[in-house]
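Down below is the structure, laid out as structure tokens.
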């Protein structure tokens, strides 16, 4: 098992980042790959969780140990896999998540991709009271100069699809942001807020 990796961030895609350490490039699945844009070609520390399957060994990465802790609690719930847990972490609203779990707000929990009523109820059963203190949002969004709007929006939509959101939902998101000029990371964060509002 790995706790963290320290190395050079060499690549960002819609689904994962690549960190090079000791001559090896590690593919690491992350909640919002574009939140790492400012760190390309720089030394980074990524907190890790490894999932071993028959057909693959997967690494999931996080900005902070708090983010990793939320992820680990989520995948302990029956019906929630790593991809769904990443989609929940990507919303970056841990306080809202904890409040929803502790107050049995099933409707809020069902707004996450692939979370139906039964899984939402299971989240409440398994996790209520488990978050002693709601971790703060990671706050890793930084203001940057805007790049070409459409390309950035395309990348954001691709990343949201990778998190499990439906194309029909994202068609409305694309229409909402058409004509604006933001970074992919900013589009993702804004889109996730809109998706959670329903």
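Positions of Cβ are set from backbone N, Cα and C atoms, glycine also.
Predicted, not measured: the structure shown is a model, and the values here were computed from it.
Helix, strand and coil counts under DSSP for the region 'Domain I' (1-63) come to 7 helix, 38 strand, 18 coil. Look at Swiss-Prot and you will find 1-63 tagged as region 'Domain I', backed by sequence analysis.
The annotation region 'Domain II' is assigned in Swiss-Prot to 64-142. Across the region 'Domain II' (64-142), DSSP classifies residues as 44 helix, 0 strand, 35 coil.
Feature annotation from Swiss-Prot assigns region 'Flexible linker' to 143-147.
If you look up Swiss-Prot, you'll see 148-198 marked as region 'Domain III'.
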